[in-house]
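Some features that TrEMBL has for this protein:
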DOMAIN    1-104  domain 'Phosphatase tensin-type'
DOMAIN    109-149  domain 'C2 tensin-type'
Amino acid sequence: QVLDFGWPDLHTPALEKICSICKAMDTWLNAAARNVVVLHNKGNRGRLGVVVAAYMHYSNISASANQALDRFAMKRFYEDKVVPVGQPSQKRYIHYFSGLLSGSIKMNNKPLFLHHVIMHGIPNFESKGGCRPFLKIYQAMQPVYTSGI
């Protein structure tokens with residue numbers, strides 16, 4: 001049985017997708033003692049870390065999001081084949097998922113409206129100082145708006 005839960009490279013999966021992946025993995029593993037799950041992705045392996053850490057917490061292998069992240073990091077240290085969950089957005093989504101599991105966070109199905117973006121201070125990204133920011137907005141992983149620079 002093969003399931004494709006793909007999402008764009010360099011993005012953390014949406015919470016709905018993390019929920020679907022964990023449920024599918026749990027259903028498959030509990031269906032028969034001999035069943036195993038094999039995860040595969042192209043590109044950024046840290047994305048798999050999000051899925052593995054989320055499932056460890058979902059299945060109560062780890063009691064908390066932090067414990068799941070720590071266990072995953074230790075496994076990576078011992079085997080040096082698995083990339084740790086290192087990006088702040090990836091770690092944040094593990095904590096969001098933990099909030100869903102505990103009931104402290106609820107999914108919001110109502111539309112959200114972005115009215116403005118405020119930047120306090122100017123980041124210094126360019127050699128002469130400053131930056132040229134732009135805004136790209138996604139809806140359901142599809143870009144719906146890109147501002148000018």
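For all residues, glycine too, the Cβ spot is worked out from N, Cα and C.
Residues in the domain 'C2 tensin-type' (109-149) partition by DSSP class (helix H, G, I; strand E, B; coil) as 0 helix, 9 strand, 32 coil. Mean pLDDT for the domain 'C2 tensin-type' (109-149) in the predicted structure: 80.
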